[in-house]
Amino acid sequence: MATEHVNGNGTEEPMDTTSAVIHSENFQTLLDAGLPQKVAEKLDEIYVAGLVAHSDLDERAIEALKEFNEDGALAVLQQFKDSDLSHVQNKSAFLCGVMKTYRQREKQGTKVADSSKGPDEAKIKALLERTGYTLDVTTGQRKYGGPPPDSVYSGQQPSVGTEIFVGKIPRDLFEDELVPLFEKAGPIWDLRLMMDPLTGLNRGYAFVTFCTKEAAQEAVKLYNNHEIRSGKHIGVCISVANNRLFVGSIPKSKTKEQILEEFSKVTEGLTDVILYHQPDDKKKNRGFCFLEYEDHKTAAQARRRLMSGKVKVWGNVGTVEWADPIEDPDPEVMAKVKVLFVRNLANTVTEEILEKSFSQFGKLERVKKLKDYAFIHFDERDGAVKAMEEMNGKDLEGENIEIVFAKPPDQKRKERKAQRQAAKNQMYDDYYYYGPPHMPPPTRGRGRGGRGGYGYPPDYYGYEDYYDYYGYDYHNYRGGYEDPYYGYEDFQVGARGRGGRGARGAAPSRGRGAAPPRGRAGYSQRGGPGSARGVRGARGGAQQQRGRGVRGARGGRGGNVGGKRKADGYNQPDTKRRQTNNQNWGSQPIAQQPLQGGDHSGNYGYKSENQEFYQDTFGQQWK
């Protein structure tokens, strides 16, 4: 029974039963940092509970907390306190992630409530005790392993080809179900489950890196379209981490060594520069290069830095984009290839010379030379093998040629290329652009009055697949690095532009026309006859049948030069770099692609430090 105190006046006063608040030694430090009294008390309460030490939170986290009003800060700290921090390595970054999630919910007008039910911690703990792996949790992902225990694997970090992408994962599924499944295929290096901070559930996809390529391939065979739960089938395919950047606007006089030195000054982790020279002048490059970095993380950081506009190389802010990653075809498929890719050909080399040089090793089906490279089709693989062994590195018309087996076509890549090309047509449909010095012959097209060529090398479409897919070993001259870049410098591509007015009554059919580049021999100079900037051809007259034409810059329109129009019924895709909607499951994804855009605000300085380094690049059907 509670006792009562009687004062000198004889009146009774209730006893103060509230216990004294215990503060940590860092409480005053929090007040001195500018936190409101109640916020400082709440954070200090977390300190006293032993969930977090003051040394675990850096200045950025405290400063970010000060930006909230008192109610918001208290709600954030309560959510932080209620979170399971047992597997969180960087608690300061985790707190910033909680703050970011809170703001996102506020913007969406949704109630800031507790996250949905997460993983069963008892099962997760049992898994970790059984395997000996570690688990690192951030607001954007859950990373299991990396590296694994020495008892499992003690070798070097796995190389390209050991990672798989797992899509269409049920949102409430976690490591306790994924790990036992995939470890049957082989030893796991790490498993990264992408998380949605707003819901506390996974995003529907994960990346699993195995210790060997064989294990990764086995996982694809075993679990692609595997029913992981009743009615729920996951999709699995080999994933390729991208560590290569495309950089344009490179001075043509620069060498590989100069480019490597210059970009190493402004970025870290640069390991190689892939540079190509002009076919007619080996002393000059083609105005672009590819930068290869140690891994995807360093490449992503370099890309953000180079795209910031603050970094200039040789006084220029260059064009920077992702290059397509290297993808290795199935060894079983490559073992059947009978086509050789020959590069570094001299200008004097003709198809007849190539046929004479290679026919001695076996019967040829076809020889096709395009620019400074060629494809040699053998009737039998043995002949191709002999030719590569004998001719690789040999001198042919003054140049040492390089030979590899051409990589087979990839249908999904072909479909993505078609989408990118159609998008490119729309992007430049109304854009005046003066053509580069070289102009390819007209290529067959479609559309009223004939469509001008896409600007590909002659007869390219017959070799589209091999040409595109081959280049990954030699870093590709164009195909694998996205068509929009083929408008650079010396590239043989027709400029996109409108032609001049056609004469009334005899004009080509409606559609933006093709015109010769200015200043070319045999064509009208700019300002000469028929060179006025044109618009649509006048109506009237007989419509021309479908024919050939080349896209040009400003110039005369008329005669038998075909018109150009937008692709019928084609809607502008999301981006020029990677269209992902309406793709089938079999598309090979790029793992670890950085979050889009250069705006990293609201992340409290943690975006570039291994936080949420991955995104879903695959559309809703993957989730």
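For all residues, glycine too, the Cβ spot is worked out from N, Cα and C.
Annotated features, as they stand in Swiss-Prot:
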- 504-522: compositional bias 'Low complexity' (COMPBIAS)
- 580-595: compositional bias 'Polar residues' (COMPBIAS)
- 611-623: compositional bias 'Polar residues' (COMPBIAS)
- 243-325: domain 'RRM 2' (DOMAIN)
- A2: N-acetylalanine (MOD_RES)
- Y373: phosphotyrosine (MOD_RES)
- R444: omega-N-methylarginine (MOD_RES)
- R510: asymmetric dimethylarginine (MOD_RES)
- R518: asymmetric dimethylarginine (MOD_RES)
- R518: omega-N-methylarginine (MOD_RES)
- R526: omega-N-methylarginine (MOD_RES)
- R526: asymmetric dimethylarginine (MOD_RES)
- R536: omega-N-methylarginine (MOD_RES)
- R539: omega-N-methylarginine (MOD_RES)
- R539: asymmetric dimethylarginine (MOD_RES)
- S587: phosphoserine (MOD_RES)
- 400-561: region 'Interaction with APOBEC1' (REGION)
- 448-559: region '8 X 3 AA repeats of R-G-G' (REGION)
- 460-464: repeat '2-1' (REPEAT)
- 469-472: repeat '2-2' (REPEAT)
- 564-578: motif 'Bipartite nuclear localization signal' (MOTIF)
Assigned conformation of Y373 (phosphotyrosine) - DSSP reduced to three states: strand
Packing count at the residue listed as 'phosphotyrosine' (other Cβ atoms within 10 Å of its Cβ): 22
Counts by DSSP class (helix H/G/I, strand E/B, coil) across the domain 'RRM 2' (243-325): 23 helix, 32 strand, 28 coil
Model confidence over the motif 'Bipartite nuclear localization signal' (564-578) (mean pLDDT, whole number): 42
